[in-house]
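Engineer: Straight from Swiss-Prot, here's the annotation block:
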| type | residues | note |
| --- | --- | --- |
| TRANSMEM | 23-43 | transmembrane segment |
| TRANSMEM | 62-82 | transmembrane segment |
| TRANSMEM | 104-124 | transmembrane segment |
| TRANSMEM | 133-153 | transmembrane segment |
| TRANSMEM | 162-182 | transmembrane segment |
| TRANSMEM | 185-205 | transmembrane segment |
| TRANSMEM | 212-232 | transmembrane segment |
| TRANSMEM | 302-322 | transmembrane segment |
| TRANSMEM | 337-357 | transmembrane segment |
| TRANSMEM | 372-392 | transmembrane segment |
| TRANSMEM | 410-430 | transmembrane segment |
Amino acid sequence: MNVKKTENALSVTLKNFIKSESFGGIFLFLNAVLAMVVANSFLKESYFALWHTPFGFQIGDFFIGFSLHNWIDDVLMALFFLMIGLEIKRELLFGELSSFKKASFPVIAALGGMIAPGLIYFFLNADTPSQHGFGIPMATDIAFALGVIMLLGKRVPTALKVFLITLAVADDLGAIVVIALFYTTNLKFAWLLGALGVVLILAVLNRLNIRSLIPYLLLGVLLWFCVHQSGIHATIAAVVLAFMIPVKIPKDSKNVELLELGKRYAETSSGVLLTKEQQEILHSIEEKASALQSPLERLEHFLAPISGYFIMPLFAFANAGVSVDSSINLEVDKVLLGVILGLCLGKPLGIFLITFISEKLKITARPKGISWWHILGAGLLAGIGFTMSMFISNLAFTSEHKDAMEVAKIAILLGSLISGIIGALYLFVLDKRAALKK
C-alpha cells in the first residue's frame, strides 16, 4: 500500500479530528502564553487568587462545591478524559488499534516513549522528595503535536500523521494507567464498591443497547462522585464511562427513510428561499441522520469542540501561569533537568529505539510510506507534553512541594517548546533533502 492509498483510507472522522486538534493546539498555545504574561504582570496576585475562589452553593453549614481550580482540574478535565476515552474505544474497535497488526507498532512506540522519559527523570531524582514526578515527561499533548505537524502541511506524509495520532491515543491510554496506578492515595474501599455497582448498571444498559445518553450521563455523575471520594482521581471515572457508551448503530430502516426523504426533497420546486415543506423535510433528514449515529459518535461529536476550544484552553490558562522571579528555586532536586531531558531526549530515543529493535526482531512492521527518519521526527514532536504533563504534575506534587510543581511547569513549557521547534525544523529539513534527491 503506497502513501496515496493510505491517504484515501484515512476516514472522514480522522480528518476532522486532525483539523480540530491542530487548530486547538494553536489556541492552546496562545492561552499558555497569555497565562505566563498575566502571571508575571501587575495582575499576578489577582490571577493566582482567582483560582482559589470557592465556587458552589451553601446548604446550612455545608458548602457543596470546589475552588475554581478544582472545578477545572477535577470536573472539566473529566469531560476531556471522557472524550479521550471515547477516542480510545473507537480506535480499539474500528481504528488503528483494532488489530494486533495495526496496533503493535504505534503501541510499542508509545510504550518506549513513556518508559525512557520516566527512567531519565527517575534516575536524576531518585531518593529525593521529587522522585514521584516521573510520570510528568511520559505524556504527549496530541493537540500541540498535531498543531505543529499540520503547519508543515504536505511536507509530512499522511501516513506519519496517522502514526502520530495513533501513538498519541496509545500514549493517552498509558497516561491513564499511570494516573490510576501511581497517583492514587488513601483508597476508600466502600466508595470503590459503590463505583463498581454503578459500572455494573452501566454495563447492563450497554448490553441492552439503551441508546439514550441521558441515563449514562446521570450515572456518570454518580460514578464520578464515588471515584472522587474513593481516593482515585475522578478523571478515571470518565474513561470507564466512555467504555460503557454503546457503539452499535440502529437497523437499516433509517437508511430507507433517509432515501425517501431525499427523493421527496428533490421533487419539490426550488427557489431563492426554502418552502415550509422543504424546511420540514430537511428537519426530518437531520433527525434521521442523527438517529443513525451511535451514542458514542454523538457524544464524541458534542464533546470535541467543547474540549478543544473551552476546556483545554481554560486548563492551560489556569495551570501554565508561573511567576518567574528570584523566589523560585530552579535547582530543587533535579526536576528541571529531569523533565526537559525526559521530553526532549527520552521521548524521541525511546520511540525510535524500541520500534527499531521490535522491527528487527520481526515483532512489528513499520507502516508503509514512513522512513526511520520520519519515526525520529515523530518522536521529537511527541516530546511536546504540555497539557497532559501539566495535569500529571498537579497530581505528583502537592501544595507542600509547591516549589517542585512550579519548576516542573517551567520545565514542561521549555521542554515542549524545544521539542516542537526542533521537531518542526527537523521534518522541514528532511522534506527539503528528499525533494533535492528527486
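Numbers here mean position along the shown chain, with the first residue as 1.
Keep in mind that glycine also has a Cβ here, set from the backbone N, Cα and C atoms.
Are these features on the surface or tucked inside, and what are their neighbours?
Structural biologist: Same-chain neighbours of the transmembrane segment (104-124): 96-97, 131, 133-138, 140, 163, 166-171, 173-175, 178, 334, 337-339, 341-343, 345-347, 349-355, 358-359, 363-367, 375, 378-379, 382, counting only residues six or more beyond its ends whose CB sits under 8 Å from a CB of the stretch.
Long-range contacts of the transmembrane segment (133-153) within the same chain: residues 18-19, 21-26, 28-29, 113-114, 117-122, 125, 160-161, 164-165, 167-169, 171-172, 174-175, 178-179, 182-183, 308, 312, 335, 338-339, 341-343, 346-347, 381-389, 391-393, 395-397, 404, 408, 412, 415-416, 420, 423-424, 427-428, 431, each at least 6 residues beyond the stretch ends and with a Cβ under 8 Å from a Cβ of the stretch.
Sequence-remote contacts of a segment are chain residues at least 6 beyond its ends whose Cβ falls under 8 Å from one of its Cβ atoms, and for the transmembrane segment (337-357) they are 105, 108-122, 124-125, 130, 133-134, 136-138, 140, 167, 364, 366, 372, 375-376, 378-380, 382-385, 389, 408, 411-412, 414-416, 418-419, 422.
For the transmembrane segment (372-392), same-chain residues at least 6 beyond its ends with a Cβ under 8 Å from one of its own Cβ atoms are 28, 32, 73, 77, 109, 113, 133, 135-141, 143-145, 148-149, 157, 160, 163-164, 167-168, 171-172, 175, 178-179, 183, 312, 315-316, 319-320, 339, 343-344, 346-352, 355-356, 366, 409, 412-413, 415-416, 418-420, 422-424, 426-427, 430.
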Engineer: Count, for each of 23-43, 62-82, 185-205, 212-232, 410-430, the Cβ pairs lying under 8 Å from the transmembrane segment (302-322), and report the range with the highest count.
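Structural biologist: The stretch with the most close Cβ contacts to the transmembrane segment (302-322) is 23-43.
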Engineer: Under 8 angstroms, Cβ to Cβ: which one of 185-205, 212-232, 410-430 has the largest number of such pairs with the transmembrane segment (62-82)?
Structural biologist: 212-232
Engineer: Cβ pairs under 8 Å with the transmembrane segment (185-205): which stretch of 23-43, 212-232, 410-430 has the most?
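Structural biologist: It is 212-232 that shares the most Cβ pairs under 8 Å with the transmembrane segment (185-205).
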